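Everything below concerns the one structure shown next.
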Amino acid sequence: MNSGSCSSLMEVGYDHHHHGHEELHVLAVDDNLIDRKLVEKLLKISSCKVTTAENAIRALEYLGLGDQNQHIDALTNNNLKVNLIITDYCMPGMTGFELLKKVKQESSNLKEVPVVIMSSENIPTRINKCLASGAQMFMQKPLKLSDVEKLKCHLMKCRS
């Protein structure tokens, strides 16, 4: 009896129905620890794999786009494939908008990765600027679980 329930649990873990969709790997970038933890938690509830970065520079390094990081480029592309970058707009050093532009321009191998910009301020010109530069979506902070679910649904449609 016991072993039966154990194996059914295993099946749930593997989720046979979605062979085509490996779990989404999201890079979450935010200089605010509390916001970063919140985004991470919401994404994990939505069964995404999450890597966090506390600023855009760190995110670029992780993506293999840092100035001194050309040598780990191959590694990044093979093992750490990121399916989505979600970044705060206002960050010291380099804004989420600048991060977006770097991902979309200089690195042809990451151009296809959707970038979502978050901001606590709802400024239409800023939102339009980000969308015009290739952002997938602009989300108002604080993020809610429904936002993350909507985003995930949107991405799955794009990928399937």
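Glycine is no exception: its Cβ is also placed from the backbone N, Cα and C atoms.
Listed in TrEMBL for this protein:
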| type | residues | note |
| --- | --- | --- |
| DOMAIN | 25-156 | domain 'Response regulatory' |
| MOD_RES | Asp88 | 4-aspartylphosphate |
Within the domain 'Response regulatory' (25-156), residues counted as helix, strand or coil by DSSP: 63 helix, 24 strand, 45 coil
Overall pLDDT for the domain 'Response regulatory' (25-156), taken as the rounded mean: 89
